[in-house]
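**Student:** Pasting the feature list from Swiss-Prot:
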BINDING   R37, E38, D42, R150, R151, G152, H153, T154, E174  D-ribulose 5-phosphate binding site
BINDING   E38  Mg(2+) 1 binding site
BINDING   E38, H153  Mg(2+) 2 binding site
SITE      H136  site 'Essential for catalytic activity'
SITE      E174  site 'Essential for catalytic activity'
Amino acid sequence: MNQHLLEQFGTTHERVERGLAALRTGQGVLVADDADRENEGDLIFAAETLTPAQMAMMIRECSGIVCLCLPEERVSRLGLPMMVAHNTSSMGTAFTISIEAAEGVTTGVSAADRVRTVKAAIDDAACPGCLRSPGHVFPLRASPGGVLERRGHTEATVDLMRLAGLKPYGVLCELTNPDGTMARLPQLVDFAQRNRMTVLTVEDLVAYRQDKGL
């Protein structure tokens, strides 16, 4: 990881704290993973404060595969089966079947419809009947131990929400360049500067949790 690019966002702990503060106020954060892993950066928002404008940004600036990160208990409550019985993904990404809100959407693909689907899935009264499949939102099941168990964006998202005191549900999408290639740290930092966001890394979050015994 190119640390000098990250220094403008503070120390390891400061970057995490800034990210948590941003999430608490309904803003997004950018999270980069290890250079020897996916070497990608994700735009992340809290599911409970997500707006259609923020969803539109994710659709416009990112890969378009908008994912809803959920802890295991929420996946079970919604009755969502995993996308495949035998996961052969190189990173072990835990996709469930895709979802759509059962009510309040049209085709399900617009920013507003996708937000409606997210809100339906995280509602306190949510149940399997609140959703339809397939759909245009892709849930991801986080490992119970968070980033201390798996250093993925899914776990980082759920960990950040919990540390921020929010519901443990977040939405992510991989940031891409205008030509469709994946954004790396330099492009991630540039995007953050242009959009007044902060950048942190999965490694920062691991260190933060370990140092604080969380």
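Using the three backbone atoms N, Cα and C, a Cβ is placed for every residue, glycine included.
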**Student:** List the Cα distance (Å, whole number) between R151 (D-ribulose 5-phosphate binding site) and H136 (site 'Essential for catalytic activity').
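**Tutor:** That separation, Cα to Cα, works out to 25 Å.
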**Student:** Quick one: Cα separation, H136 (site 'Essential for catalytic activity') versus E174 (D-ribulose 5-phosphate binding site), in Å?
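**Tutor:** Cα-Cα, rounded: 16 Å.
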**Student:** Determine the minimum-neighbour residue: among D42, E174, listed as binding-site residues, which Cβ has the fewest other Cβ atoms within 10 angstroms?
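**Tutor:** Least crowded of the binding-site residues D42, E174, by Cβ count within 10 Å, is E174.
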**Student:** Translate the DSSP assignment of H153 (D-ribulose 5-phosphate binding site) into the three-state scheme.
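**Tutor:** Once the DSSP labels are grouped into three classes, H153 (D-ribulose 5-phosphate binding site) ends up as helix.
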**Student:** Which is it, of H136, R151, H153: the one of these recorded positions whose Cβ has the most other Cβ atoms within 10 Å?
**Tutor:** H153
